[in-house]
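Engineer: The structure follows.
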Amino acid sequence: MKVYLAAPMRGDRSALANVKKLLQALEERGYVVLTKHVADDVLDVEKGMTPREVFERDIRLLEEADVLVAEVSYPSLGVGFEIAYFLLRGKPVIALALRERLESVSAMIRGITWENFRLVAYSDVDEAIEKLDSMLPGSVDMQ
(Lines of atoms letter the chains of each structure in order from A and count residues from 1; the text may use other names and numbers.)
(Lines give C-alpha, C1' and ligand atoms only; values in the text may rest on other atoms or scores of the structure.)
Protein backbone atom coordinates (compact mmCIF):
# COMPACT_ATOMS: atom_id res chain seq x y z
CA MET A 1 0.00 0.00 0.00
CA LYS A 2 1.24 3.47 -0.93
CA VAL A 3 1.03 6.22 1.68
CA TYR A 4 1.19 9.95 1.06
CA LEU A 5 2.55 11.37 4.32
CA ALA A 6 1.69 15.07 4.59
CA ALA A 7 3.16 17.60 7.02
CA PRO A 8 3.98 21.31 7.08
CA MET A 9 7.01 22.16 4.98
CA ARG A 10 7.27 25.96 4.92
CA GLY A 11 5.55 26.92 8.16
CA ASP A 12 5.87 25.68 11.71
CA ARG A 13 7.75 22.39 11.66
CA SER A 14 7.48 21.76 15.40
CA ALA A 15 6.07 18.28 14.74
CA LEU A 16 9.00 17.27 12.49
CA ALA A 17 10.39 14.77 15.03
CA ASN A 18 6.98 13.08 15.14
CA VAL A 19 6.77 13.06 11.35
CA LYS A 20 10.15 11.32 11.15
CA LYS A 21 8.96 8.65 13.61
CA LEU A 22 5.69 8.19 11.71
CA LEU A 23 7.63 7.73 8.47
CA GLN A 24 9.88 5.15 10.08
CA ALA A 25 6.93 3.27 11.60
CA LEU A 26 5.05 3.17 8.29
CA GLU A 27 8.08 1.82 6.45
CA GLU A 28 8.75 -0.77 9.16
CA ARG A 29 5.19 -2.04 8.63
CA GLY A 30 5.78 -2.50 4.92
CA TYR A 31 4.03 0.59 3.59
CA VAL A 32 5.58 2.46 0.68
CA VAL A 33 5.83 6.10 1.76
CA LEU A 34 5.81 8.23 -1.38
CA THR A 35 6.70 11.48 0.37
CA LYS A 36 9.84 10.79 2.37
CA HIS A 37 10.91 14.37 1.66
CA VAL A 38 8.46 15.68 4.31
CA ALA A 39 10.87 14.38 6.96
CA ASP A 40 13.91 16.07 5.41
CA ASP A 41 15.64 18.85 7.28
CA VAL A 42 16.36 20.67 4.00
CA LEU A 43 13.34 21.84 2.01
CA ASP A 44 12.85 20.99 -1.67
CA VAL A 45 12.90 24.65 -2.67
CA GLU A 46 16.24 24.96 -0.91
CA LYS A 47 17.43 22.04 -3.03
CA GLY A 48 16.59 24.01 -6.18
CA MET A 49 13.06 22.81 -7.01
CA THR A 50 10.69 25.47 -8.28
CA PRO A 51 7.22 25.82 -6.75
CA ARG A 52 5.75 24.45 -9.99
CA GLU A 53 8.01 21.38 -9.83
CA VAL A 54 6.96 20.79 -6.21
CA PHE A 55 3.28 21.11 -7.16
CA GLU A 56 3.52 18.78 -10.16
CA ARG A 57 5.47 16.17 -8.19
CA ASP A 58 3.03 16.28 -5.29
CA ILE A 59 -0.05 16.00 -7.53
CA ARG A 60 1.51 12.97 -9.23
CA LEU A 61 2.21 11.39 -5.84
CA LEU A 62 -1.31 12.17 -4.59
CA GLU A 63 -2.71 10.38 -7.63
CA GLU A 64 -0.46 7.38 -6.98
CA ALA A 65 -1.19 7.05 -3.24
CA ASP A 66 -3.79 4.76 -1.68
CA VAL A 67 -4.10 6.62 1.64
CA LEU A 68 -3.09 10.02 2.99
CA VAL A 69 -1.74 10.36 6.52
CA ALA A 70 -1.47 14.03 7.53
CA GLU A 71 0.14 15.59 10.60
CA VAL A 72 -2.13 18.61 11.20
CA SER A 73 -1.01 19.87 14.62
CA TYR A 74 0.40 23.04 13.02
CA PRO A 75 -1.24 25.05 10.21
CA SER A 76 -0.24 24.46 6.60
CA LEU A 77 -2.00 25.62 3.45
CA GLY A 78 -0.27 22.85 1.52
CA VAL A 79 -1.47 20.09 3.85
CA GLY A 80 -5.00 21.49 3.72
CA PHE A 81 -4.86 21.42 -0.08
CA GLU A 82 -3.55 17.85 -0.07
CA ILE A 83 -6.32 16.70 2.28
CA ALA A 84 -9.03 18.32 0.14
CA TYR A 85 -7.56 16.93 -3.08
CA PHE A 86 -7.49 13.41 -1.65
CA LEU A 87 -10.96 13.59 -0.09
CA LEU A 88 -12.53 14.80 -3.34
CA ARG A 89 -11.17 11.68 -5.02
CA GLY A 90 -12.91 9.51 -2.43
CA LYS A 91 -9.65 8.22 -0.97
CA PRO A 92 -9.10 7.72 2.78
CA VAL A 93 -7.45 10.42 4.88
CA ILE A 94 -6.19 10.04 8.44
CA ALA A 95 -5.31 13.38 10.06
CA LEU A 96 -3.22 13.27 13.23
CA ALA A 97 -3.08 16.12 15.75
CA LEU A 98 -1.35 16.46 19.06
CA ARG A 99 -4.06 16.44 21.72
CA GLU A 100 -2.85 19.73 23.25
CA ARG A 101 -3.04 21.40 19.81
CA LEU A 102 -6.41 19.97 18.74
CA GLU A 103 -8.34 23.20 19.35
CA SER A 104 -5.79 25.05 17.18
CA VAL A 105 -6.44 22.77 14.19
CA SER A 106 -8.49 24.53 11.52
CA ALA A 107 -12.24 24.33 12.12
CA MET A 108 -12.54 23.37 8.46
CA ILE A 109 -10.47 20.23 9.15
CA ARG A 110 -12.10 19.49 12.53
CA GLY A 111 -15.53 19.82 10.96
CA ILE A 112 -15.09 17.20 8.22
CA THR A 113 -17.69 14.45 8.62
CA TRP A 114 -17.08 12.47 5.44
CA GLU A 115 -16.77 8.70 5.79
CA ASN A 116 -13.30 8.61 4.25
CA PHE A 117 -11.87 11.05 6.84
CA ARG A 118 -10.67 10.51 10.40
CA LEU A 119 -9.19 13.11 12.74
CA VAL A 120 -7.16 11.43 15.46
CA ALA A 121 -5.84 13.15 18.57
CA TYR A 122 -2.67 11.79 20.14
CA SER A 123 -0.56 12.56 23.19
CA ASP A 124 2.74 11.18 21.90
CA VAL A 125 3.98 9.67 18.68
CA ASP A 126 3.77 6.11 20.04
CA GLU A 127 0.04 6.60 20.60
CA ALA A 128 -0.30 8.03 17.08
CA ILE A 129 1.43 4.97 15.63
CA GLU A 130 -0.77 2.62 17.66
CA LYS A 131 -3.90 4.37 16.40
CA LEU A 132 -2.61 4.35 12.82
CA ASP A 133 -2.06 0.60 13.06
CA SER A 134 -5.77 0.09 13.70
CA MET A 135 -7.01 2.65 11.17
CA LEU A 136 -5.08 2.13 7.97
CA PRO A 137 -7.22 0.75 5.12
CA GLY A 138 -8.02 -2.89 5.55
CA SER A 139 -8.80 -2.43 9.23
CA VAL A 140 -12.36 -2.26 10.52
CA ASP A 141 -12.19 1.41 11.61
CA MET A 142 -11.76 2.90 8.11
CA GLN A 143 -14.39 0.82 6.31
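Glycine is treated like the rest: Cβ placed from N, Cα and C.
The following feature annotations were taken from Swiss-Prot:
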{"type": "BINDING", "residues": "HIS37, GLU82, SER106, ALA107, MET108", "note": "substrate binding site"}
Engineer: Cβ-Cβ under 8 Å from SER106 (substrate binding site), same chain, 6 or more residues apart: which ones?
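Structural biologist: Same-chain residues close to SER106 (substrate binding site) (Cβ under 8 Å, separated by 6 or more) are VAL72, PRO75, GLY80.
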Engineer: Considering all pairs of residues in HIS37, GLU82, SER106, ALA107, MET108, annotated in the record as contacting substrate, what is the maximal C-alpha distance expressed in whole angstrom?
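Structural biologist: With HIS37, GLU82, SER106, ALA107, MET108 as the binding residues for substrate, the largest Cα distance is 27 Å.
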Engineer: Among the binding-site residues GLU82, MET108, which residue has the fewest other Cβ atoms within 10 Å of its own Cβ?
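Structural biologist: Across GLU82, MET108, these binding-site residues, the one with fewest Cβ atoms within 10 Å is MET108.
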